[in-house]
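Per TrEMBL, these features apply:
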DOMAIN    37-288  domain 'G-protein coupled receptors family 1 profile'
TRANSMEM  20-44  transmembrane segment
TRANSMEM  56-82  transmembrane segment
TRANSMEM  88-116  transmembrane segment
TRANSMEM  128-153  transmembrane segment
TRANSMEM  192-221  transmembrane segment
TRANSMEM  233-253  transmembrane segment
TRANSMEM  273-290  transmembrane segment
Amino acid sequence: NSSDLRPSFLLASVPGLEAQSWLAVLLCCAYVLALTGNGAVLLVVRLEPALHAPMYLFLCMLAAIDLALASCTVPRVLSFYWFGSREIGFGACLLQMFLIHSLSAVESTVLLAMAVDRYVAICHPLRHAAVLTNAAAAKVGLAAMARGVLFFLPLPLLLVPLPFCHSRVLSHSFCLHQDVMNLACANTTPSVVYGLTAILLVMGLDAVLICLSYVLILRAVLRLAAWRERLKVFSTCIAHICVVLAFYVPLIGLSVVHRFGRDLAPLVHVTMGNIYILVPSVLNPIIYGVRTKQIQRRILSLIHVG
């Protein structure tokens, strides 16, 4: 009904592979890996008193965010591939949209906090313990959640009064703001302006500040006399840099596809969307598991006991 203000939407799939069980198995394996890896990080930090420090609290926050992001999208995608449940209701779509965007904002804020942690630890080591306490890390986590909710709650609210009278087929296997907004048959300028502003003020600003923190870190590292000492100090940032790239590269790629790739094949949109959701969730625990000896030892001890 073209006058229906509460339509349901049809999720996109990889064209021609809707009935391929192997694709569902692949997504399921990635989801299980994300659950296992992030769950292991949370368990290890919880059980190991030596890891009750701001750096590892931030890592726990990342793990919890990645679990939430994967869990609010992947099961719905799997229900489509396994049971043919392609339709998603208007309210469920807006809720999923809000969760994806707000959780992404929270993750961006936590990544910025981790960059600040590395900056203080390297450039002002004597002040690190006093500035970045566990209480401060908890406050950062609460502020990150509040920031994500306040900035991205208006996105679904701006879409509620819009009529949807064009195609109901989304470009991704889940609901994103711009994707749903493009299906409206009314003036979407307020939604476009606010969405772009929110992205720039949260993810855009965070990316700039993260880059600035690493410029200052690099300047401090280059002041060290010995190359071996420089590499040793900078190696403490490698895991965080990899996690930042795992988050921002898919985010930028997805944004570019949305802005300039309307003529691209549907496969590109679906693939980029799935990469954006799954890559950070799968890679983050692997990166920190490989780079952090304390986490490695604790995981191996748990496996040995098991």
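Using N, Cα and C of the backbone, Cβ positions are placed for all residues, glycine too.
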Close approaches to the transmembrane segment (56-82) from elsewhere in its chain (Cβ under 8 angstroms; 6 or more beyond its ends): 11, 13, 18, 20-21, 23-24, 27-28, 30-31, 34-35, 37-39, 41-42, 45-46, 88, 96, 99-100, 103-104, 106-107, 110-111, 113-114, 117, 134, 137-138, 140-141, 144, 173-174, 243, 274, 277-278, 280-281, 284-285, 288
Cβ-based contact of the transmembrane segment (128-153) with the transmembrane segment (192-221), 3 or more pairs under 8 Å: yes
Averaged pLDDT, computed only over the residues in the domain 'G-protein coupled receptors family 1 profile' (37-288): 90
